[in-house]
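*Asks:* Residues or ranges marked as compositional bias 'Basic and acidic residues' in Swiss-Prot: 113-124. If you look up Swiss-Prot, you'll see 244-387 marked as domain 'FCP1 homology', on the strength of sequence analysis. Look at Swiss-Prot and you will find 35-164, 519-540 tagged as region 'Disordered'. Annotation source Swiss-Prot lists topological domain 'Mitochondrial intermembrane' at 192-540. Among the features that Swiss-Prot reports, transmembrane segment is placed at 172-191, with the record citing sequence analysis.
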Amino acid sequence: MMLSRAAVRSIAGARVAAHAASPLLSQRTLPAVWTRSMAKDNKPPKFSKPESTPAQKATPKAPEPAESEKAEQKQQQQQQQQTPAESEPEPEIDLSKLPDLRGGIPTTLEYEMAQKEAGKKPVAGEEAETQAEGAEGPEAATSGSGGGGRKKGQLPDSAYVSSTEKRRQKMANWAFIAAGLALVGGTIYLGREWDEEELEKHHDIPNGWGLGLWWKRAKARMTGTVSYYQEPAFEKLLPDPDPSFERPYTLCISLEDMLVHSEWTRDHGWRLAKRPGVDYFLRYLSQYYEIVLFTSVPFANAEPIVRKMDPYRFIMWPLFREATKYKDGEIVKDLSYLNRDLSKVIIIDTDPKHVRAQPENAIVLPKWKGDPKDTELVSLVPFLEFIHTMNFPDVRKVLKSFEGQHIPTEFARREAIARAEHNKLVAAKAKKAGLGSLGARFGIKPSKLNPMAMEGEEDPSEAFAKGKMIQDIARERGMRNYLAMEEEIKKNGEMWLKMEQEAQEKAQKEMMKNMQSSVFGWFGGAPSGEQQSGESEKKA
């Protein structure tokens, strides 16, 4: 019994020794961290020799095998014990060049397309993988799993477009088709024949079914749609002249940088300054000209300024941005829309671009920047008064003679020359007896015989004899009228403003009353304005 146990133990010990000596079954100690150099090096990894355990040391050695087997095992053990050359040090990775994966994995479509266009050959690893896939057979190449699917060049470029991008392209194509159909349909609709009102405006483009006529009508309608926003608000900006208050000339003036100047500062914000002599300019010339304010400032901004600057309404017609014309990206004040004879119209502005439609009617002044000692505006009054006094048939010829010159200075120079010549003629010419001396015998004053002389004025013949010129007489008359107007404003100015305020309030109440009656009238609740006025008359 004991002999059998000893035999079993010896056989088991021999098996353990054989397993420990076998190189195929020896345990290997693997490194704890896998590095990128393991993939680059084709060398086998470094293994450490397994240490014998106490159990193995206690186990008795098995009988040695044959000599050939011993030599082979010894050679394998020597190969394992030989230490391989140390691998090259692993290069440090520049973390700044790594892609930012916080927004998702970047696409490789651009890289693949660039390689395909440049005809770049794949790297060694990719070539090996391609050969391995080719060796595996068509089944591995067509399968979508395991080897990573199809490689570059096996699918068309459209296969790399996502479904979202395909949907967007499809929607864009449909949008282009719809836009093209709308363009064709709109052109066909705009090219329809004129109605009676349109035919009167477009005599040069008759009705017809020709392709050329169709296109001309469509083009004319499209141009008319755009011009609606570029042309002035009305074809006639001013009503027909009133015979009872008609002036022979029309004077158009600007607002910004001519009558007022606005500026903004950090300390005071927006401030508005009134030019020196504005009141005198407006009140004095209102007796000679139909004054029209023609400004490029919108109504909402300019109307309160005009109401404050001219409370007594010497400006007869204010025209704002809505009355200007928009052409080539600039605002133009076109005088042809004024409903006035252009030979009797003068426009004063500070921007040559605003008056480029009729430069022959324009006087361009330098912009006023807020100088309190400025006299440029007042110095124009004698020249404008002279035009009215001489009653020129066409003011454009007069303005042409002053082209390129400072009008107040040149006019003063010409007037001085004319005055010197007039004084020479008066001194050389003997005083002749005429109707004046004949009337004096009968006790009739000369002023009564001259139709040009007004009540309280000096007779023109006597004025000429004293060396006065006709513009001097007109200036004296204009100054008397101006002083009389100033006196009336001082006496009754507040009353006029109060009456105007009451009239405005009354008009607002009437407007509100009419609006309420019309709204309630839709529902049959309140009587109309005529019924209310009739009831009030009955009560009275």
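From the backbone N, Cα and C atoms, a Cβ is placed for every residue, glycine too.
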*Asks:* Within the same chain, where does the transmembrane segment (172-191) have neighbours whose Cβ lies under 8 angstroms from its own Cβ atoms, ignoring anything closer than 6 residues to its ends? I mean 6 or more beyond.
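*Replies:* Hits for the transmembrane segment (172-191): 213-215, 217-218, 221-222.
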*Asks:* What is the average pLDDT across the domain 'FCP1 homology' (244-387)?
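*Replies:* The average pLDDT of the model in the domain 'FCP1 homology' (244-387) works out to 94.
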*Asks:* For the domain 'FCP1 homology' (244-387), what are the DSSP-based totals of helix, strand and coil residues?
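*Replies:* For the domain 'FCP1 homology' (244-387), the helix, strand and coil counts are 47 helix, 41 strand, 56 coil.
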